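According to TrEMBL, the domain 'ABC-2 type transporter transmembrane' annotation covers 210-508. The transmembrane segment annotation in TrEMBL covers 300-323, 343-371, 383-404, 410-429, 487-509. Summarising the annotation, TrEMBL assigns region 'Disordered' to 542-575. Residues or ranges marked as compositional bias 'Basic and acidic residues' in TrEMBL: 552-561.
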Amino acid sequence: EISCFVTRNQRKRSQAQKLICGASMADSRNGLSSFWTQADALFRKNLTFQEVCGIQYSNLLQATTCSIPRPLEWPPLLQLPDPHFRAVRTDFLSSQDLPSDSCKSTDSCRVTVLTTGENQSLGENGLAGFALGSATSTAISGFLEPALYLQGPVYYVQSRCGANFTNSISVSIAALHVEKEIKCVQGLNVWRNSSSDINKELYSGYRKGNTEKKINEIPVAYDFLNSNINNYNVTVWYNSTYRKDRANLPPRLVRVPRSINLVSNAFLQLVAGPSTQMLFDFVKEMPKPVTKIKLDFSSLLGPLFFTWVILQLFPIVLTALVYEEQQNLRIMMKMHGLGDGPYWMISYAYFLVISLVYMFCFVVFGSVVGLKFFTLNDYSIQLVFYFIYVNLQISMAFLMAAFFSNVKTAAVVAYILVFGTGLLGGFLFQFFLQDTSFPRVWIIVMELYPGFSLYGGLFEFSQYAFMANYTGTHGMRWENLSDNNNGIGQLLIVIAVEWLVLLVIAYYIDLIVTLGRRARKGPLFFLEMFIRKHSLPFRTPSLQRQSSKVHVQPDKPKTDVLQEASTNIRPKHFN
């Protein structure tokens with residue numbers, strides 16, 4: 001009996017069949033093929049089958065891991081709103097040059113483009129030509145164009161559309177064949193007097209920008225500023241909500257290049273005539289090697305859980321300091337001659353050693369179990385960050401200990417801060433970190449809170465580790481601190497300066513609260529001592545002999561004492 005296995009590799013099918021069948025025929029003289037012969041044939045079949053990877057052999061999710069040496073070329077598309085969400089006249093937006101809302105019932109609303117600037121003729125030619133567009137969402141990469149294989153038509157944007165214009169095209173993606181419907185949609189250029197009018201109209205089109213909670217979307221707007229024949233200066237507005245930024249997920253692409261190409265053609269036609277245009281043939285992704293689907297949960301969920309783990313040191317330090325104050329242990333130390341300076345040095349060094357041992361075990365354990373969060377990022381950067389932060393955390397504990405006199409109250413407040421910081425960091429602060437349009441200066445202001453600075457550092461490590469694990473490269477290195485989107489460099493400066501400032505403030509407040517209360521001194525007691533020291537009269541020494549008179553007066557018994565003594569002395573009578 002001959003055992004043959006047919007593979008799906010068209011180029012190597014004949015060779016694989018020959019090898020596999022030949023191996024089976026060698027043992028067919030003795031009857032049935034042996035187990036090892038069948039196993040060898042199956043092994044050869046699997047080797048040949050695994051050499052083929054592509055969308056024709058896999059689904060869309062599996063095909064993304066295949067090698068793509070020559071990515072496909074896709075037509076550049078405009079990002080258009082859904083027909084039900086296109087801008088029309090409403091109660092909150094009553095511009096007469098917008099289409100009536102009755103067009104939504106027939107899906108015939110025009111696509112509105114807003115323009116402004118000093119040259120109105122240049123703005124009127126913004127959509128003079130035709131362009132393809134789509135209302136579908138984009139993907140995180142450009143290897144496939146969702147508009148050509150997902151449901152929904154491809155729109156043909158023109159200044160005028162013929163009656164009942166419909167068409168269809170056949171799209172072939174490897175073994176996948178899709179029929180796409182082409183619909184014509186009319187473009188409408190609307191002039192506005194200023195960019196502030198455009199901003200107001202764009203904001204009103206968002207669901208939360210109007211009282212009726214309606215979507216009145218405008219796909220693109222242009223401000224030609226001072227553009228003329230000798231100057232090309234344009235500002236482009238586009239809807240960035242299509243990026244769909246979410247926590248721990250990469251943003252999607254946005255269809256902006258075609259919008260820029262339209263305005264560039266309008267400028268060229270103004271300069272060189274209507275027959276001149278800049279052709280935009282296609283867009284394509286960069287080639288990619290074979291990749292593996294790797295989900296590193298330590299990098300995705302690490303910032304939240306690692307924040308809670310590291311912040312567990314804060315309640316320990318705080319309650320220990322408050323306990324010493326509550327039990328008057330510090331007073332007893334002072335009675336035995338321990339001053340404030342040695343007490344602070346000993347206590348700070350004790351908590352620092354505990355924190356460093358804790359963080360060392362934290363990093364070592366994470367590395368031993370193979371968490372990419374630790375193994376892919378440079379250990380020296382991690383150690384520097386953890387060292388500075390635990391010092392900041394200890395300084396913060398010393399500062400807050402001056403305001404508590406009860407251990408239980410301090411413990412409750414500390415653990416509320418621990419869990420609250422993690423939740424606020426994961427569900428609030430992280431969105432600001434991912435938003436590239438959010439001002440960086442406000443990120444620094446928020447990182448002045450030590451909990452957010454810890455979460456920000458862990459988030460940076462997790463992002464580098466996740467991308468390194470996904471692409472098969474290394475994580476964060478010292479040279480990456482100069483990257484535009486890397487915030488570790490300035491974060492280290494912020495927490496280092498904050499550590500020193502909080503340490504000085506904590507020591508000063510400790511002197512005020514702990515010592516000033518018992519000595520009845522005010523918050524500016526050190527200034528009072530300084531002024532008193534320099535206000536003493538200054539006397540110059542003299543070589544002349546000066547006579548001094550000392551008057552010594554013997555103590556005189558007080559009147560009440562004499563009276564008491566006279567009443568206690570009674571004469572004795574002798575018979």
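Placed from the backbone N, Cα and C atoms, the Cβ positions cover glycine too.
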Of 300-323, 343-371, 383-404, 410-429, whichever stretch has the most CB pairs under 8 A to the transmembrane segment (487-509): 383-404
Ranked first among 343-371, 383-404, 410-429 for CB pairs under 8 angstroms with the transmembrane segment (300-323): 410-429
Spatial neighbours of the transmembrane segment (343-371) far in sequence, C-beta under 8 Å, 6+ residues away: 296, 298, 302, 309-310, 313, 316-317, 320-321, 330, 333, 379, 382-383, 386-387, 390-391, 393-394, 397-398, 507, 510
